[in-house]
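Participant: Copied straight from TrEMBL:
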- A:13, A:14, A:15, A:16, A:17, A:18, A:19, A:20: NADP(+) binding site (BINDING)
- A:110: NADPH binding site (BINDING)
- A:195: L-homoserine binding site (BINDING)
- A:210: active site, proton donor (ACT_SITE)
- A:352-427: domain 'ACT' (DOMAIN)
């Protein structure tokens, strides 16, 4: 390569699978990556837990520091790649110190950006450096860039996503095989799709971090994780997949952000015709709805060294090329305070309800009367099989109604003598906007 | 808005549906779009065929020129949006003149970029101005930005796309209803999905323009339309959709670009499991396969004022924000000459074959013998129904073989007395890479 304008000195904090992949790419494909950024990308320092592991690249000429925070003190480091993880602790200390020292920061840390993104973006702006986090949302899918640049001319009406590959794998498999959550989780752990401690994934926290960031960019406020309504996938019953499909839906953990409404990360039903409903297995997907575009969908790997590494390196190249965006796409002065946003429950929602009832005359009349009393109208209903005087499932979808009406109706339904178990309900997320 | 660093003066050439939409957005949503670009975006001049049409925005304060080429002569125009279309003529004259005059150019003109992209990029580089064309490829999907920036750290092994909504609509509907091409085309014309003169769409030219541009960016050469192998969708028979599905495939017009291989825009079979196969109706989609990412897919509206307008405005905002990329992602000196690329037919391809044969003993033996003589092995085979001594269809898929072997085998098969019509064949495009 004769092309070399200048040099960008890079430090990596955290050499797990992603950090090691990024280091290897920076070394092995240095010419191509440097050419793309228009500067020589030079890995000059690293920090990790153990110095002695073989990570598939040579440490020759690369400075080692034991405490990652010290990377911010190395004068000739221009950019720190933070891959330690965790919303607090060393990752946050290092990011603050690096920005304050006038170094660019590229991070894959969704928890940190979801919790402290506003304060960190302010620090970046004050120090006139970049803070980028493409890898924090939906892994290899360039979702942040798409929202912040590719679709920047749009007024977003909704950003919805399948943002956790572990959950999507578990739900896809439950649907396909009829297995129960616990069994699929154990298998997912064996296959490496789920962590030994799975709660960050299956309780929706990880996905909600990503949704927090997408909502902030789409609607121009600082990230505010505390506002997100979160429910996970632990309580999904295997039987609901079949009823959902009969009614024309699939069950997915979907994050939905809409203007002026609390972002929700919930297990819900998606119409079979929806683009998001077609996304199976460990993939992630983001559907951007806006004016004038209509709807665009991106699908790709949400995790893994290659996907995350691709996103980290794209950010590094943007910084090197001098085209890194402001962290949330606009100056701090133009961002509203996420914690002060007036978020409501927004428009009504359609719901899926499954009741376990005694199969006897008059049951359907009782159920529909109670729904009617709460101003809830049934859109579609299926009863699986017949079993006189035994329990059967009654699955239905409603038209849009307030969540409070649904809650009241469910509690009245629970009180009926013919209703034998707690009613199950899930919101229905409408299809993407037509183009 | 108090935010106003500077002003970017914009001229629009061509006020059809897209041009009018862009003008309306620039006027009605000026504050939001200007804030995103960090400069006041000011529409100062326009040119179109007729001055008197009502296009939903006021011409007050906007200069009119009769000859679009004159827009390049207006001193205070900083950026020209070219929406005239056509690879030659006024569009090309204006683009050249504007770039030479030191004005940025944003265009949606796929034909012009596919034919003259290299020379125009050179002119832009010499004059240190931007030449951007997000709207030229896959409408509202930010495919150019994804390839050039979001996934820039990857070495692409394949870029494949459904790049013409008209064709995808026609094929989706033929599959669903069993109607013939001609009938669906007439209906698509009535619905406004196809032009009165449909050949640009149904013969694959429009899609091949887009593929030419994607291939150039992905593989670092100047666009070279002449190299693309193109076939359209006119010859697809309604019956093939059902056989394809039985064999596990769908039929789509797909563009495929791979390193060192002739880009192909062909009607082909996609495995049902492939992400691209799931894209129905007037949508466009692009699947990017590379290392280290694995595979990412984008789906969205490929045409229409809103989608194209979104892409045009994103380019304008990139220019305003000073972050527009080089046209093909790298300096001219680092691009190879597309017309001199050593393109081969590359690795072997699997094929779908349908034969119309007399249903009599020995036919299958004759057919398989001929295939074997040409070193072609059958992967899967279906014979629909039975009709002794009458004609039946024999549909099959082969394992990978050279295109020349297939051609020779088909000609030998045609010569068999039991084969009653010209054999039908289509290539099979493999699924995207696993993540």
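Here the Cβ of each residue, glycine as well, is placed from N, Cα and C on the backbone.
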Participant: If you measure residue A:15 (NADP(+) binding site) to the residue listed as 'active site, proton donor' at Cα, how many Å is it?
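Facilitator: Computed Cα spacing between residue A:15 (NADP(+) binding site) and the residue listed as 'active site, proton donor' is 22 Å.
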Participant: With H, G and I counted as helix, E and B as strand and the rest as coil, say where DSSP puts residue A:110 (NADPH binding site).
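Facilitator: Where residue A:110 (NADPH binding site) sits, the three-state DSSP reduction gives helix.
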Participant: Taking the center of the Cβ atoms of A:13, A:14, A:15, A:16, A:17, A:18, A:19, A:20 at the recorded NADP(+) site, which other residues in this chain have a Cβ no more than 8 Å from that point?
Facilitator: A:12, A:21, A:22, A:23, A:48, A:83
Participant: For the domain 'ACT' (A:352-427), what's the model's average pLDDT?
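Facilitator: Within the domain 'ACT' (A:352-427), the model's average pLDDT equals 92.
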Participant: On a C-alpha basis, identify the one among A:14, A:16, A:18, A:19, A:20 that is nearest to residue A:210 (active site, proton donor); the candidates are the binding-site residues.
Facilitator: A:18
Participant: For a quick check of understanding: among the binding-site residues A:13, A:15, A:17, A:18, which residue's Cβ has the most other Cβ atoms within 10 Å?
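Facilitator: Going through A:13, A:15, A:17, A:18 one by one, the largest Cβ count within 10 Å is at A:13.
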Participant: Can you check which residues sit near residue A:110 (NADPH binding site), meaning Cβ under 8 Å from its Cβ, same chain, 6 or more apart in sequence, and list them in order?
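Facilitator: Correct list: A:133, A:136, A:137, A:206, A:209, A:210, A:213.
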Participant: Are there any residues at least 6 positions away along the chain from the residue listed as 'L-homoserine binding site' with a Cβ closer than 8 Å to its Cβ? List them or say none.
Facilitator: A:166, A:189, A:201
Participant: What does the DSSP secondary structure composition of the domain 'ACT' (A:352-427) look like, as residue counts for helix, strand and coil?
Facilitator: 23 helix, 27 strand, 26 coil
Participant: In which DSSP state, out of helix, strand and coil, do we find residue A:18 (NADP(+) binding site)?
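Facilitator: Residue A:18 (NADP(+) binding site) sits in a helix per DSSP.
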Participant: Can you check what DSSP calls residue A:210 (active site, proton donor), collapsed to helix, strand or coil?
Facilitator: helix
Participant: In the structure shown, which of the binding-site residues A:14, A:16, A:19 has the fewest other Cβ atoms within 10 Å?
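Facilitator: Candidates: the binding-site residues A:14, A:16, A:19. Fewest Cβ atoms within 10 Å: A:16.
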Participant: Which residues in the same chain, at least 6 apart in sequence, have a Cβ under 8 Å from the Cβ of residue A:20 (NADP(+) binding site)?
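Facilitator: When sequence neighbours closer than 6 are ignored, residue A:20 (NADP(+) binding site) has A:55, A:56, A:57, A:305 within Cβ distance under 8 Å.
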